[in-house]
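Chemist: As listed in TrEMBL for this protein:
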COMPBIAS  16-26  compositional bias 'Acidic residues'
COMPBIAS  53-70  compositional bias 'Basic and acidic residues'
DOMAIN    276-433  domain 'DDE Tnp4'
REGION    1-35  region 'Disordered'
REGION    53-76  region 'Disordered'
Amino acid sequence: MNNGENCKRRRKEGFTADEDDGENDDSCSSGRETKKKDLNGIITSLILLDEQEKRDREERNDAFKEEKSVMESTHTKGTRTMLEFHSNLNDYYSKIDEADRVKRKKSRVKAATVVATASNHVADDGNGKSGSGQQRRLWVKDRSNAWWDECNRPDYPEEEFKKAFRMSKSTFDLICDELNAVIAKEDTTLRNAIPVKQRVAVCIWRLATGEPLRLVSKRFGLGISTCHKLVLEVCSAIRNVLMPKYLQWPDEDSLRKIKQQFEGISGIPNAVGSMYTTHIPIIAPKISVAAYFNKRHTERNQKTSYSITVQGVVDPTGVFTDVCIGWPGSMTDDQVLEKSALFQRAKNGGLLNGVWVVGNSGYPLMDWVLVPYNQQHLTWTQHAFNEKIGEIQKVAKEAFGRLKGRWCCLQKRTEVKLQDLPVVLGACCVLHNICEMKKEGIDPELKVEVIDDEMVAEDGLRSVSSLKARDAIAHNLLHHGLA
């Protein structure tokens, strides 16, 4: 029995002795003090626990903030490293190509010198006879080029020629004439030079069919390595000679016509181009694999995909007026746009003041880039605007469909090395423009439906003035009965 209960019991029983009273009072006081001390101890413990919990919470918050900062820094550093690595890789391959070119040139000179020396020696022996009495000659593998000889005949059917080379004979001859001064070669003591028409035909047939080099070799009666070399040489000549002429940003008069045509299609004023970014499949590279990994195509096709990007701006007829080729397939549309020369010219030189380049929701809304509304709940005006801007977007998408349909090499992984691929893709875009300008139709069976998974840009709004301008355009379209 505790002291408090003793105190109550003794008071109830009526203890009156002085000594007993003193003992009882001391016992009661001791009980109260004990309770008070216990209570104070509990309160102190609770306060300490609360302070410890606060300290732990603050430590966890600090650790979380530090971890978040480290992750953001690591992500930024990784992105910068990837881009620097991609640039260094291109420089590295360029140096290798230059070294190989010099080495091949020296080898050819050395071989020609040896052959000339041997020829002189044989002539000295008497009437081209060697000491053993046998004439020396260069061994060449016998290959048949009957198919190309048939195609090169003047009476060869136009339809069959166009089916093989995706263009008429007149357009093919135009390209040969334009490239003649650059790709023509002279006969040597070893062999006769390959004619310009055959050189161009090897390249265009390879791009058009996407067939492997061994089949190209059989078609044209040339060696596999020779066909590969011809394809790269002609593509490089097309990019260097024809691209400045057939793929360039329009002048003022052309821009005025383009605006009128786009406005006639959609009712949207001051549109000077339709922009789209597509992906070209490639074989998994040996280095920097993650940069070229295409996550969206992999998830959709259930098959690991690697790609590089091609961003293009087209006019109302589907002719490319600007291209950006070669950035890794892991980059989004807005990231590719920021790396393009078009973006830099618009940012620094004011190339696109007061006009619009129309893109899809993968691009941000900017001072010169017009994109559709992408929020979930659209008003009737916004929905009508999206339908009209979709008419302009369709122009670029269909142009890329014809590009991939004409040049089937773009539909499957190619044998071309990664560092040479931008040259080949640029040549395909130039040849596409020539065919479009010459009104070369495309077989409906060859048309390709372009499918590229669009992702909404992370920073979708970069211009408040463009936001207001888009609202005004949407209102005018509905007000004037155009939407």
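Note that Cβ sites are derived from N, Cα and C of the backbone, with glycine treated the same way.
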Chemist: Residue counts in helix (H, G, I), strand (E, B) and coil for the region 'Disordered' (53-76), per DSSP?
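Modeler: Secondary-structure composition of the region 'Disordered' (53-76): 24 helix, 0 strand, 0 coil.
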Chemist: What residues in the same chain, six or more past the boundaries of the compositional bias 'Basic and acidic residues' (53-70), come closer than 8 Å to it by Cβ-Cβ distance?
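Modeler: Contacts of the compositional bias 'Basic and acidic residues' (53-70) (Cβ under 8 Å, skipping residues fewer than 6 from its ends): none.
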Chemist: So what pLDDT does the domain 'DDE Tnp4' (276-433) average out to?
Modeler: 92
